[in-house]
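**Student:** Sending over a structure as structure tokens; questions will come in a sec.
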């Protein structure tokens, strides 16, 4: 068992088995931006619901979610699935930037709040009120009118838990755990032990760090004392390591001490500097084709500069001036951390629809998170493909945003492959007649080929709103709807075109779909579609990406 597996399993070792219950009906309409898993996450068993909250990317299979309707019953009046009132409320539909303080600020009008538990990768949370009456007011209000948390409408239902199990005795302010669990959202840049050490150590002495990558990137950081951990959690929760990305969501971890067996990019014991990287099966010295490392890396592994980490300006995050400054300027790490990184630039994608997915459609979806070099379907494992991306950080982004999404009624599983390159062997014909292997290294549709081009891409998770651009001015809303129909993908329900300059040769705008799944399917099929116009010499390449807007 690897070090990463050891901690990933140890952190959640008490998670009970899933309740075997009926899934959400195929045709049931869900709230905007939600899929069946996230919509049904409110009906787990007492301990199971909270164990689910702590999983990095755990999927819930629940009986049926009443959050949408507030009353906890189906339209036919069946009372069998009604959830009994509880002081614990399950909140979903949160935006990614929400932290505990946002929930307290929005919901304390309903009554005193005892505890809040975030579910960082599911956009959900559990909120424990002081009494059932406060929870009643919250759920009733949410079912009758829109309740907004950090500017986005949220949905509420009772939890089956009567009390949130604290990882430590959180009711006692002097208690706590000196190990923190950090979830890093939208990791556009590399996250290593050096990065986390320079972020956390100015606030409190860090002893050990372990990073693990299952569904997204998480890390455990062990501080010298509980007080240092509490101070770091208060100061860093909700902050961005780099501007606009690498957002930290912090909870107390369950282990009270980390066990580190080697010092490298993914784990480090700062009390034992002699724990060097182990050499495995070292054979004869091989000649490196491109030298020691890419020329774009400087000696410190970070390039010419290192951004600051601005702490949230809201007063609720501030400590006294002698404890934490408003802005912490972190020095550059002094080691070349990324050279010899053990991660792979190849992602393995399983759960692909056998007739509707091919190499081009995989490219259309994955190119939003990094350059795509090659795509190859595996003949020995049906519905599985290898995607070689520009670097390992593109793979991290793809895992963070695409793992567990639904495409053509199949749920994707995206993880890091053991392969370090895609080799075009055993090429065969897919069910749609296309090749099982395709090389995209030279395509102009890759969006990260230069620093200038990459800076224009806003990395967004899948949403129900697509941004379209590079469309000829003669194309209308009806033309785009017809395009959806012709390619057998769901049509959009709202259309918005941006104002263009009179001299502009292309137009752009937004398309809102019924659900996130519909938008993902439309993008997978229509991204990079060639639009030909009468008397036009060259076709226009329709380009799609997920929008920052949640609704039109």
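Yeah, the Cβs are placed from backbone N, Cα and C, and that goes for glycine too.
Quick paste from TrEMBL:
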REGION    1-84  region 'Disordered'
COMPBIAS  1-10  compositional bias 'Acidic residues'
COMPBIAS  11-23  compositional bias 'Basic and acidic residues'
COMPBIAS  24-37  compositional bias 'Acidic residues'
COMPBIAS  72-82  compositional bias 'Basic and acidic residues'
DOMAIN    87-161  domain 'RRM'
DOMAIN    177-255  domain 'RRM'
DOMAIN    345-419  domain 'RRM'
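Just tell me what is around each of these and how deep it sits.
**Tutor:** In the domain 'RRM' (87-161), the DSSP tally of helix, strand and coil residues is 24 helix, 28 strand, 23 coil.
When pLDDT is averaged over the domain 'RRM' (177-255), the result is 87.
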**Student:** Summarise the domain 'RRM' (177-255) by DSSP state, stating how many residues are helix, strand and coil.
**Tutor:** 19 helix, 35 strand, 25 coil
**Student:** When secondary structure is assigned with DSSP, how many helix, strand and coil residues does the domain 'RRM' (345-419) contain?
**Tutor:** 22 helix, 25 strand, 28 coil
